[in-house]
Amino acid sequence: MTPRQEILRHCDTLLQTAQFKDYAPNGLQVEGTETVGKIVTAVTASRAAIEHAAAHNAQMLLVHHGLFWKSEPLTVTGWKKQRIAKLLAHDINLAGYHLPLDAHPELGNNAQLAQRLGWTLEAQFGEQNLLNAGALPDSQSTLPALAAALEQVLGRAPTVVGCPNATRRRIVWCTGGAQGFFQAAIDAGADVYLTGEISEAQYHLANETGVAFVSAGHHATERYGIQALGAALAAHFGVECVFFDENNPA
Ligand SMILES: [Zn+2]
């Protein structure tokens, strides 16, 4: 068993959490046992993830999307009460790492996605270094080929807007709900911008600028950072770490 505080301190150092301005608390969100031998990782602290952690006698649930967001009501009622009650009943520590886990150049969602797709990560830029630029391999240089590679790796077909015949080399990406960064990607000279979600406006921007827009799934693009963090903790502390996945279509 490892003291909880050692694990949290290690995460803070690794991910440099103090450097980020976030709209969710990074680190411990709900306190459980003092020591940890088993960690369940998940994208989101959903009720299903909490129940999984409880059923597997984990002392920590480690997630990318925690329970507390600046935009949400400050009260603990309804579904939020149920999630917190379950955590407290089983003495499970809930720890969340949001933007620091998107941006980390090796363990982060952006870096891990690139690694799985074979994209070279050439530069990080923009808002808190959340945008990434790189080169597409030749085998993904058209939109249909890129879409096929994404479907194979992520297990889900992406939504793609753009001319299928054009040759594309330069990809800019940001995992999750980062459709608002499309203009920044266009300004940075992208041939393709990829993120997890699409809104109505991006369709028109893609058609009018010629820069393709790919929405590959918020959950699907953010599955890998938390697993990499879990693996790093398992290697460093010898704690057991298992990933809980959900079939989230968004
Ligand atoms: Zn996200």
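Start at 1 and count along the chain as shown; that gives each residue its number.
Here the Cβ of each residue, glycine as well, is placed from N, Cα and C on the backbone.
Remember, predicted model here, so these are calculated numbers, not experimental data.
Of the residues D22, D102, D187, TrEMBL puts just one in the divalent metal cation 1 site with H65, H218, E222: D102. Taking all protein chains in view, 21 other C-beta atoms sit within 10 angstroms of the C-beta of H218 (divalent metal cation 1 binding site). Within the same chain, residues at least six positions away from D102 (divalent metal cation 1 binding site) with a Cβ under 8 Å of its Cβ are H64, G108, N109, N110, L130, C174, T175, G176, E222, G225. Excluding the listed site residues H65, D102, H218, E222, the same chain places V43, H64, H98, N109, T175, G176, G177, G196, H219, T221, G225 with Cβ atoms within 8 Å of the centre of the divalent metal cation 1 site Cβ atoms.
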